[in-house]
Amino acid sequence: MIKAQSKLNEVRLASRIGYQFKQPELLQLALTHRSVSHKHNYERLEYLGDSLLGMIIANYLYHAYPHENEGRLTRMRATLVRQEALGKIANDLKLSQNLILSTGELKSGGHHRESILADTVESIIGAIYVDCQDLKILEPVVLKWYAPYLDNIEPTDQLKDPKSRLQEYLQARKKPLPVYEVIDIQGDAPNQHFKVECTVAGLPVCYGEGSSRRFAEQAVAADILKILEQKS
């Protein structure tokens, strides 16, 4: 019964991914976190998938935006391949249901951790390529995942991360730069949770949280930008 359910889950996942593996063990490996096995896990596939994803997105943007310069194309690509974007795709594909994690990682909420979900998207890309050895097969699969986000992306400065945009906003108005400070860290590495406060002249102190200091700072910067946009 358990094996039958596992097989059904595999079939459903393959359907959501949009690719049928000739070597199903590659999909299993792509879903296996290093907490389960230090030797047999998704990290090598993730390494491969990261490079393939960058190339696929760069190629798409190059042809879709023939008049944009290298700088803007680079920012657009960074937006599409960063952890937040990959986390959204992982949620679209419902990957959390299929992750293979250790008991400890599972109890700590690893199946919902954005970094793990993002890594898994890249490892699945790597697994598909190893299985088919054909970029012409892989590319449309990946671009189909990205379709809702490719339709909405624009070659504007809004593609910069929130911290950069906040800094430029304040600099343009000759105001002091924001001050970030970590005020709380919970848990042990690599499962820590950070809380950061940010002080901007003329605004109440704002707070952001995330799985790293950088993500917490980006979160609070995004909130402050919303406040400033509402005030302007």
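The chain as shown is numbered from 1 upward.
Placed from the backbone N, Cα and C atoms, the Cβ positions cover glycine too.
Bear in mind that TrEMBL entries carry predicted annotations, made automatically and left uncurated.
Counting every protein chain shown, 19 other Cβ atoms lie within 10 Å of the Cβ of ASP50 (active site). Here TrEMBL flags ASP50 (among others) as active site.
Taken from TrEMBL, the feature active site covers GLU122 (among others). Cβ neighbours of GLU122 (active site) (same chain, under 8 Å, six or more residues apart in sequence): LEU45, GLU46, GLY49, ASP50, LEU53, LEU86. The DSSP secondary structure for GLU122 (active site) is helix.
Contacts of ASP119 (Mg(2+) binding site) defined by a Cβ separation under 8 A and a same-chain sequence distance of 6+ are given as TYR42, GLU43, GLU46, in order along the sequence. TrEMBL lists GLU46, ASP119, GLU122 with the feature Mg(2+) binding site.
Summarising the annotation, TrEMBL assigns domain 'RNase III' to 10-133. Mean model confidence of the domain 'RNase III' (10-133) amounts to 92 (pLDDT, 0 to 100 scale).
According to TrEMBL, the domain 'DRBM' annotation covers 161-230.
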Counts of helix, strand and coil residues, the domain 'DRBM' (161-230), according to DSSP
29 helix, 20 strand, 21 coil
